[in-house]
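Per TrEMBL, the features are as follows:
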SIGNAL    1-24  signal peptide
DOMAIN    43-188  domain 'Cupin type-1'
BINDING   88, 93, 98  oxalate binding site
BINDING   91, 93, 98, 138  Mn(2+) binding site
């Protein structure tokens with residue numbers, strides 16, 4: 001009951017925080033609610049939402065395709081269950097600002113890079129929130145020893161998601177090699193290991209890259 005109340009309060013608070021920016025992403029609604037909205041309630045997002053599973057955990061999203069009640073409300077909601085040393089790989093949302101709240105587990109290392117190339121990295125504990133400005137590259141890593149459960153809300157019913165690493169490797173091989181300062185053989189090797197994912201899946205770190213509960217800091 002307490003967990004459900006926390007989720008409700010987070011989503012309600014997010015709507016209030018983002019309401020001033022909704023019109024920047026989506027048009028204002030012309031009716032109270034969409035005629036397609038048969039119910040304002042959605043049951044069990046991890047079973048019935050848009051679910052993707054990777055080596056780093058489970059991502060479950062709700063958009064108008066899965067939940068017509070969101071139509072014209074300028075909102076997309078995503079819930080995550082991320083294993084220790086899992087990562088929501090670097091990505092952007094070209095049409096939305098994101099507000100993330102860690103409910104339990106973790107902690108999370110989370111942050112974004114601005115257009116000046118400056119990093120804004122923080123460690124999040126249960127009850128903490130972070131905002132990812134519209135269009136900026138961002139990520140989350142579970143640096144703790146417990147599975148992290150967290151929620152994100154985005155102020156568009158179609159925020160879009162661009163997988164940064166996967167997108168670079170979709171460039172012509174020469175362009176990617178120049179951008180990454182590597183040779184074409186290395187680009188081909190990376191492409192064979194790193195397909196483009198839409199939406200990006202949660203990925204687990206390779207052995208030796210991350211140890212759960214160690215180096216809980218913003219600079220590693």
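Easy rule for this one: first residue shown is 1, then count along the chain.
Using the three backbone atoms N, Cα and C, a Cβ is placed for every residue, glycine included.
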Rounded inter-Cα distance in Å - residue 93 (oxalate binding site), residue 138 (Mn(2+) binding site)
9
Neighbours of the oxalate site 88, 93, 98: Cβ within 8 Å of the Cβ centroid, same chain, sequence order.
78, 91, 92, 100, 132, 138, 152, 154, 159, 161
In the three-state DSSP scheme, residue 98 (oxalate binding site) belongs to strand
Length of the line joining the Cα atoms of residue 88 (oxalate binding site) and residue 138 (Mn(2+) binding site), in Å:
9
Which residues in the same chain, at least 6 apart in sequence, have a Cβ under 8 Å from the Cβ of residue 91 (Mn(2+) binding site)?
137, 138, 139, 161, 162, 163, 164, 200
Would you mind pulling the DSSP three-state label for residue 91 (Mn(2+) binding site)?
strand
Secondary structure of the domain 'Cupin type-1' (43-188) by DSSP, residue by residue, totals 25 helix, 71 strand, 50 coil
Write out, in the order they occur in the sequence, the residues of the chain not among 91, 93, 98, 138 that have a C-beta within 8 Å of the mean position of the C-beta atoms of the recorded Mn(2+) site.
92, 96, 112, 132, 136, 137, 154, 159, 161
Quick one: mean pLDDT on the domain 'Cupin type-1' (43-188)?
96
Counting Cβ atoms within 10 Å of each candidate's own Cβ, which of the binding-site residues 88, 138 comes out highest?
88
Row residue 98 (oxalate binding site), column other C-beta within 10 angstroms, all chains, value 24
